[in-house]
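The block underneath contains the structure these notes are about, expressed in structure tokens.
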Protein chains: 2
Amino acid sequence: MSAGGSGAAGNPGKDPGSGEDRLIARLFEPLARHPGALGLKDDAAFLDLPPGHQLVLTKDALVAGVHFFADDPPASIARKAMRVNLSDLAAKGAVPLGVLLAIAIPPDMSADALEDFARGLGEDADRYGAPLLGGDTVRTPGPFTVSITALGSVPMGEMVRRTSAPPGAAIVVTGTIGDAALGLQLRLDPGRPGFAALDGAQRAFLAERYLHPRPRLALAASLRAHALAAMDVSDGLVGDLAKLLAASHVAGAIDAARVPLSDAARAAITAEPALLETALTGGDDYELLAVMADAHLDAFHARATAAGIGAAVIGRTYPGQGLVVRDEGGAPIAFARSSFSHF
Amino acid sequence: MSAGGSGAAGNPGKDPGSGEDRLIARLFEPLARHPGALGLKDDAAFLDLPPGHQLVLTKDALVAGVHFFADDPPASIARKAMRVNLSDLAAKGAVPLGVLLAIAIPPDMSADALEDFARGLGEDADRYGAPLLGGDTVRTPGPFTVSITALGSVPMGEMVRRTSAPPGAAIVVTGTIGDAALGLQLRLDPGRPGFAALDGAQRAFLAERYLHPRPRLALAASLRAHALAAMDVSDGLVGDLAKLLAASHVAGAIDAARVPLSDAARAAITAEPALLETALTGGDDYELLAVMADAHLDAFHARATAAGIGAAVIGRTYPGQGLVVRDEGGAPIAFARSSFSHF
């Protein structure tokens, strides 16, 4: 992990040894307890891979004002950046090995904010067994930007793909869907009638689900054992399922009524049915979406229940192409977001 | 590799299936020819590590206006982002396995610019054997920002460290030093007397050295065979050597006159001696800085010469701490950049 840079482009980077450099060293070096991180004092980290395993790699970037609110607590921004990446590992059946972090720090970001960010990162590194291995800190005249590369491992050849869903299998989703999208809507437009129907605890639940994804790493091994294909739900259930089906060259149908909803989401949608579309097409769920043979459903369900997460069959795959979302009468629901029509 | 995002923070990401999304797919998917990249169509990539090897990991971020000029050719920006990372691998004795890319795209970046960026990236991926494995593309209201994670491998336990320089060894540097820093100065202040002394070819050479680092991957195996400690020179020879010495708990002395200079750099410094400090303390050299036992010097020099790169002994390590840079009379040179006094 290095701080600053080379003073290129006429805008000098932080001097090596500057106060900001020392602050960053003080904040991040304590997180680098993995031996391969070399205390962030070298040009690179090293990492061993368990014998018989292969690496799983993912990298997501988040920008203030685009992927999170600039005034979100910095520790929450760190958690979100960690967890959206760890969610990808979970969906591929991988166990985390560690992360690399790059942050671009705007001029007005305080030392306290950076310290809070580092604290959130360190807590998640411990919680999910994903130690900080290295990275880079640079300055930017733009918004706070975070990029995390997450490394995980799977037994050789066992990474769960997105492209391998067969026809005639069940479509399964973990946890509850739509909470984060409703939490975002609640934050943007709290006066909507659907949210007026919620009590304080329900509103707090939705807000929390938006702010803090929960990567389903506890089910990674179960996905390897039971899923034929999987991905995480990051861009909305309907859109992501359409992507998975298209990548696998199969069709699918799901019943909106079978999509698992939290009490809070159900109450909001009951009070304002238009919010169903928000729940089904909004993003940031970070639940697992999997296709599995019927014979595996009971075992997966038992593992999910044991993990306190839950899993629900919401539909099936078929030969053909396209995704149909059915209402309770079996009629297709049309969604306003045209993008899904591409699949 | 995924494009866009979840429409968080009230600023929707690119719709899956949008024109921009398809552009990015069209530009980057052809680069993802490594089987583990899965055509950038999955949530993650997979990668096998050669038996008996361990991973070497590095991640550097570059921001327009900070690490490169916003009006640099996009292909050159891509090359710089690739090469600063590959230079870290080279300095650790590692062979590239691949890269992950995250870019944050400002609203005014054209499709042509993105295409040029992708072209530069792809050419370097081929040139250096570092295929694109995955990543993320997001939008930003700020400057164009590029983060690359480079993965390499070394035989188990053979990563060349920064912290392992003993006293009583030779300090070696590859190539020539200061060209990039002078190239940057030439761009910022072309009227300086030192640059007036140069012909057009010399000016073009310095400008090119700033724009296009040359990662010394051809010497990675030689470093493993011969170096006791190494790093790449990214933040200036004097500062980086001071870091290496401090990390290794040894002292060092180098002779400014032994630092290898290109003809262009020598001509500029002869005409304007103040540019010597720019050459020795400026950044972006991306040469290798190594400490090695005298018995290994001939063999390393022969390998460097065979690679067309060159290598020069510029000083020695000693017990103690600190770095002295001596002039031709043997007197210490004081540098204006106070940061180095921290070591």
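Cβ from N, Cα, C; glycine included.
Where the annotation comes from TrEMBL, it is an automatic prediction and has not been curated.
Features of the protein shown, as given by TrEMBL:
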type	residues	note
REGION	B:1-21	region 'Disordered'
COMPBIAS	B:1-10	compositional bias 'Gly residues'
DOMAIN	B:42-154	domain 'PurM-like N-terminal'
BINDING	B:Asp43, B:Thr58, B:Asp88	Mg(2+) 4 binding site
BINDING	B:Asp43, B:Asp88, B:Asp232	Mg(2+) 3 binding site
BINDING	B:Asp60, B:Asp136	Mg(2+) 1 binding site
BINDING	B:Asp60, B:Asp88	Mg(2+) 2 binding site
BINDING	B:His67, B:Asp284, B:Phe340	substrate binding site
BINDING	B:Gly135, B:Asp136, B:Arg162, B:Ser234	ATP binding site
BINDING	B:Asp235	Mg(2+) 5 binding site
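Cα of B:Asp136 (Mg(2+) 1 binding site) to Cα of B:Asp88 (Mg(2+) 4 binding site): a distance of 22 Å. B:Asp88 (Mg(2+) 4 binding site) is 12 Å away from B:Asp284 (substrate binding site) when you measure Cα to Cα. Distance between Cα atoms for B:Arg162 (ATP binding site) and B:Asp60 (Mg(2+) 1 binding site): 17 Å, as a whole number. Applying DSSP to the domain 'PurM-like N-terminal' (B:42-154) sorts its residues as follows: 36 helix, 45 strand, 32 coil. Note on the domain 'PurM-like N-terminal' (B:42-154): mean pLDDT across this stretch is 97.
Counting in whole angstrom, B:Asp88 (Mg(2+) 4 binding site) lies 20 from B:Gly135 (ATP binding site) by their C-alpha atoms. Of all the binding-site residues in the list B:Thr58, B:His67, B:Gly135, the shortest Cα-Cα distance to the residue listed as 'Mg(2+) 5 binding site' is found for B:His67. A 10 Å radius around the C-alpha of B:Gly135 (ATP binding site) takes in none of the binding-site residues listed as B:Asp60, B:His67, B:Asp232. B:Asp284 (substrate binding site) carries neither a helix nor a strand DSSP state and counts as coil. In this structure the C-alpha atoms belonging to B:Thr58 (Mg(2+) 4 binding site) and B:Asp232 (Mg(2+) 3 binding site) are separated by 12 Å.
Within the group of binding-site residues (B:His67, B:Arg162), the Cβ with the highest number of other Cβ atoms inside 10 Å belongs to B:His67. Taking every pair among B:Gly135, B:Asp136, B:Arg162, B:Ser234, the residues listed as contacting ATP, the largest Cα to Cα separation comes to 31 Å. Taking the Cβ of B:Gly135 (ATP binding site) as centre and 10 Å as the limit, one finds 28 other Cβ atoms among all the protein chains shown.
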